[in-house]
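Trainee: Got a structure for you, questions after.
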């Protein structure tokens with residue numbers, strides 16, 4: 001009886017630490033090779049000490065919440081080329097040492113807020129070649145150390161600037177082959193990408209899919225003037241609702257979208273402009289400052305020359321008409337401010 005008990009305990013202990021039947025485990029490299037084995041879910045009874053788990057080229061269709069609790073030391077997890085359509089919240093949160101997560105070539109449509117929470121050492125997150133149509137405002141708590149993010153070959157039309165700004169250590173971002181909508185919604189991404197590249201970041205750029213006039217164009221080369229009307233029309237939005245920018249914007253520009261008429265799409269759904277806009281917001285502000293200085297000098301000269309009250313009044317009226325008018329048309333810094341805060 002005692003021998004049977006000892007044998008049972010030994011067998012259980014061996015089974016608990018052994019390799020799953022279809023996998024190959026390498027103790028020296030702490031790797032479990034389970035690729036090309038026809039798995040439909042994460043295999044059970046993986047050795048707890050493994051650091052690399054290869055599960056690519058299977059038929060795994062879901063990841064349960066407690067799928068990796070038995071392998072807390074994982075550093076590299078490869079789930080590429082499976083049939084994963086959704087990821088349970090907290091599915092990865094026990095993997096506090098995870099550095100590389102590969103989810104390419106799956107069927108993922110959505111990534112929910114905090115999907116990758118509590119992965120403080122995560123450095124590379126590859127979500128390419130899925131069917132993702134929406135990314136959240138944050139990947140989760142403690143994901144600030146991500147240095148490489150790939151979302152290429154998906155169905156993204158926009159991406160929240162707040163998500164990109166929550167990843168301060170990004171060095172490489174890959175965007176290509178997404179149907180990016182280069183309208184007012186994407187202006188925040190344009191500003192972020194310019195800043196990212198200026199700081200030495202690496203990116204394959206954002207190529208517009210719509211509106212039609214901008215199809216195939218690099219977002220960085222779309223002039224600021226085409227976003228000028230978006231900025232001015234954003235003024236009525238109160239600062240308190242700035243976090244609801246996308247929804248309020250969709251209400252403000254109903255004509256946006258891939259099915260817009262060619263006439264609408266030419267300026268990203270913004271209404272036609274009667275006069276040219278400044279090349280950029282910075283240029284607009286500079287113009288206001290320079291015009292103000294010039295007008296100030298002219299005004300002083302006029303005052304010096306104006307001896308009689310009537311002449312003084314006429315000159316002042318003319319000054320207001322000719323100089324202050326154009327400044328208002330271009331928009332003062334105060335007019336721009338609500339737009340910038342709403343995009344922040």
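Yeah, the Cβs are placed from backbone N, Cα and C, and that goes for glycine too.
Nobody curates TrEMBL annotations by hand; they come from automatic prediction.
Annotation comment: TrEMBL describes 1-18 as signal peptide. Sequence annotations record features per position, and here TrEMBL assigns domain 'LRRCT' to 178-231. Among the features that TrEMBL reports, compositional bias 'Polar residues' is placed at 241-250. Per TrEMBL, the feature region 'Disordered' maps to 241-275. What TrEMBL lists as compositional bias 'Basic and acidic residues' is 258-274.
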Trainee: For the domain 'LRRCT' (178-231), jot down how many residues DSSP puts in helix, in strand and in coil.
Mentor: 29 helix, 9 strand, 16 coil
Trainee: On the 0 to 100 pLDDT scale, where does the domain 'LRRCT' (178-231) sit on average?
Mentor: 88
